[in-house]
Amino acid sequence: MPHFTVVPVKDQAQSSYDSLEGINWVDYRDTGQDYPDHQDTVSSDGHGNHKEDSPFLNSADAAGKKNDFYDRNLALFEEELDIRPKVSSLLSRLVNYTNITQGAKEHEEEESAEASRRKTPKSPNMGTLMGVYLPCLQNIFGVILFLRLTWIVGMAGIIQSLLIVLMCCSCVSMHVHTHTLHTNTQSYFMISRSLGPEFGGAVGLCFYLGTTFASAMYILGAIEIFLKYLVPQAAIFHATDPHGSDSAMLNNMRVYGSICLSLMAVVVFVGVKYVNKLASLFLACVIISIVSIYAGAIKSMTHPPEFPICMLGNRTLVRDRFDVCAKTVTQGNITVASQLWDRFCLPGNMSTAQCDDYFIQNNVTEIQGIPGLSSGIIRDNMWGNYMQKGEILEKAGLLSVDAHSAMENFIMYVSADIATSFTLLVGIFFPSATGIMAGSNRSGDLRDAQKSIPVGTILAITTTSLVYISSVVLFGSCIEGVVLRDKFGDAVRKNLVVGTLSWPSPWVIVIGSFFSTIGAGLQSLTGAPRLLQAIAKDNIIPFLRVFGHGKNNGEPTWALLLTGLIAELGILIASLDMVAPILSMFFLMCYLFVNLACAVQTLLRTPNWRPRFKYYHWALSFLGMSMCLALMFISSWYYAIVAMGIAGMIYKYIEYQGAEKEWGDGIRGLSLSAARYALLRLEVGPPHTKNWRPQLLVLLKLDEDLHVKYPRLLTFASQLKAGKGLTIVGSVIQGNFLDSFGEMQAAEQAIKNMMEIERVKGFCQVVVASKVREGVVHLIQSCGLGGMKHNTVVMGWPYGWRQSEDPRAWKTFINTVRCTTAAHLALMVPKNVSFYPSNHERFTDGNIDVWWIVHDGGMLMLLPFLLKQHKVWRKCRMRIFTVAQMDDNSIQMKKDLATFLYQLRIEAEVEVVEMHDSDISAYTYERTLMMEQRSQMLRQMRLSSAERQREVCCLYSDEEEEVVEAPPEKVQMTWTREKCEAERRNRNNAPENFRELMSLKPDQSNVRRMHTAVKLNEVIVNRSHDARLVLLNMPGPPRNTDGDENYMEFLEVLTEGLERVLLVRGGGREVITIYS
């Protein structure tokens, strides 16, 4: 048995056990060396002791277990224990296997010896409540609930608001249902490991961008609370005219948002532990704020809070611009103009001549902003009231006289700042339903992640859904409609609208919502860089590689810097309502592909897909995917297209870079399933003639260094196929399969490299056979699968067959021709293939000449048409020649051929060549005679060579081609004295054999064949000597194998003087039709 050595292999993908990540493997390969001591062992230390080099065991373990091979129960397997270790060895290795994230292992290797002596960390001990449920609540409840939910209810009404909440929460619930199947990993790792690095990288970056823009949204929400409700005096920019307040506010948001982002980035940079310490405080703020809303709603049943709304006619007035909601006030006994009067009329003048018409003709009234839960206001808020930008908030049911109002008084009314619609509100609300992956992102801190994450996440989404649904109903039942539609609380003296309902004070909501948005922003700013670092360390996107590095403790410094810059783009947008739809797209994209991953794995019945969640069904994943896709286009179709475009570009970039990971690829399974279905459909029957195209089997010859000898064969195949149809490139290595397996793999890789260089899209198959002829036959019989089999064989011409004494080359060639004919396959033999053009050349003129001598299915007409589809041959003209005999009507033949080509829709010139001279010339007779003399001479030379081999007792190997036309028993024989003398007598008769050779007369059938070859060659060279390519029928080999050598001579004579020739044989069926 050959000696085995251990060879370290860098590419782990070659290992047979590559499904277990994190285990270092070694590759055991046969060096092919023979050693004098042929012990039946795997390896020896020189004393007969066995060694075990197991990839699953440490070196220390291996040293202590040298006698493992003596285990009597495993004697049958002892020769394979080096590559197939014992189960005990495998399990002992797996016990120490840790499921650490990508890149953490490198971080561990960089730790110093001092760090290794630190105190061992405590084991994870967080349960479902603290580890999953409450963090999910903190991430889900936030800016949208406190700042925009009342406004959404006012614009959409209770019915449509409930629909929005149900759509978003159901979509997220579908994601939860599938996401909990992967309970110990992040969504990025789930997608990348399920659908492959291309999908994983694309969706991972989308998820990263969504998380980054989420931090910008939370910061904008915090700054809005700060400038609108906490410290309005802190505004830096102020409006110079009444209509410039919006732009001033946006500039203030940009300045303060950038400052806040910088401070948060510093906190995250200093240490995540400070963020985690503040998380409990922020979570308490969220819970207290929500409880205060419910308490205020209950209290409003009996004692509604006092927040009067001042109305002019049915229009809502901005309450902080005047003191008393009345046109006049009484000071002492004198009636004077109020501040409201001065706003609409000339100040200090009680005359109505200088007043606004609408102000004069309508009354000023005051209504209750919070009527309370028992007021019945729910009937008015049931239906939607969408508004256009600049439209004034009006209350239906109040008397109003329609009159002209001056534009300068427009600032006195509460108006809509943006145009609203159902789709816009869906995009704004959806971020409030995100954040459900907070539990899975903390899986390392959980006591039992596989139990806590599903339970905690489902409880969290159930709780938040109930809170959102009940909040919609409570807001619509307690708050006046014009107040609900007032986004910034202008009608209630710049109070936060949801704060007017809270108990005991609006400040509870204001302060609580401010800290909760700050906390959510910190959480997003903490998680996004780590996600980017994980993607960068996977090394599937090369330009992100720098972001995989960080501080010594693993903190993603560079990723944090990029996250801050991207978040700053969201801050510069400065509008919460514009940033929310952006991150909705990215989150929906992530959820969509998580559902897709689960559905694909389930439908393909992937063996490693074993969901632990027993209520799972693939239809839920498909439904969730459909809902995500629908929500993307409902909320903003142009944002959806942009998000898909970004994901698509990232996908193609990763695919172009050729990311190769050992994660597996679910899409590959989908491709295999689709291929299986298509192959079964192809088995229904043979293709129709109009669907026929050459499916190539290209037979290549390799040199001694396993390099392709004639790469232009592949060039020709690529020009003929142009990427369409099937192309199989095959080659044969002579030898024994057990000994030549490594050589076969090297040859296959060399052919694949050449196929890539020549842009041949297809498959490669190399076989090992004892004889080349048998290997070629195996390829012709077995290549392809089902209906995807080759119908055409392309092979090279055996150059130098005349000069070679070894007849195997041309015998293999003729045998291949016979096999293709027997298998009803078409055959193409490019002669002088080295002169064929490369893919970089272009013929600007010239002809492709077709010599149609016999009809064999129309291959000769179809091939030039296919070649002309390629840029190399596109500008060449096509000419078709046919041969007329003495009794043929050449004029009618030309007309009929032109009609036939017209019906085939092939543009070509038609010429009919007349061959009336049937007399055999002396040149033909002499050429035939020389051919037969040469054949006879070579036969005698090979015979005498075989005799010399017999004399020295050199036996003919059974693995070589038989070159002696003699019975096998005469090859190996024992020479006696009598036999030697008889052979010497035969050798003395050699001069007589030579005289017989010179008096040889040629066979008449050979003379006729030579005459045809000579005459056709004369005509072809005369007409097509300057053609770019000549195609002509390839005559078949003779039925009698004795004339094989003459057949090769006929083909040489037929193609003499032509630079590029393509010999074509049909497969016995029609390949072209007049029907489209």
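Here the Cβ of each residue, glycine as well, is placed from N, Cα and C on the backbone.
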Remark   = In TrEMBL, of the candidate ranges 615-632, 633-650, the one given as transmembrane segment runs 615-632
Message = When secondary structure is assigned with DSSP, how many helix, strand and coil residues does the domain 'SLC12A transporter C-terminal' (711-829) contain?
response = 57 helix, 25 strand, 37 coil
Query = Ranking 126-147, 255-272, 504-522, 582-603 by Cβ pairs under 8 Å to the transmembrane segment (558-576), which is first?
reply = 255-272
Message = Give the mean pLDDT for the domain 'Amino acid permease/ SLC12A' (407-697) on the 0 to 100 scale.
response = 82
Remark   = Same-chain residues at least 6 beyond the ends of the transmembrane segment (255-272) with a Cβ under 8 Å from one of its Cβ atoms are 215-216, 219-220, 222-223, 226-227, 234, 236-237, 518, 521-522, 525-526, 529, 555, 557, 560, 564, 567-568, 571, 574
Remark   = Lying 6 or more residues past either end of the transmembrane segment (199-220) yet within Cβ distance under 8 Å of it, the residues of that chain are 142-143, 187-189, 191-193, 253, 257, 260-261, 264, 431, 434, 517-518, 520-521, 524-525, 527-528, 531-532, 534-535, 538, 540-541, 563, 566-571, 573-576, 579-580, 582-583, 585-587, 589-590, 593, 597, 643, 646-648, 650-651, 654, 659, 663, 667
Inquiry  = Restricting to CB pairs under 8 Å, which listed stretch, 458-484, 504-522, 615-632, is in contact most with the transmembrane segment (279-298)?
reply    = 504-522
Distant-in-sequence neighbours of the transmembrane segment (126-147), which means Cβ under 8 A and at least six residues beyond its ends = 217-218, 220-222, 224-225, 279, 282-283, 286-287, 289-290, 428-429, 431-436, 438-439, 442, 445-447, 451-453, 455-457, 459-461, 463-464, 467-468, 471, 496, 498, 509, 512-513, 516-517, 519-520, 523, 576, 580
Ask   = In the same chain, which residue numbers or ranges, 6 or more beyond the ends of the transmembrane segment (504-522), come under 8 angstroms Cβ to Cβ?
value = 138-139, 141-143, 146-147, 214-215, 218-219, 221-222, 225-226, 229-230, 260, 264, 267-268, 275, 278-279, 281-283, 285-286, 288-289, 292-293, 295, 435, 495-496, 498
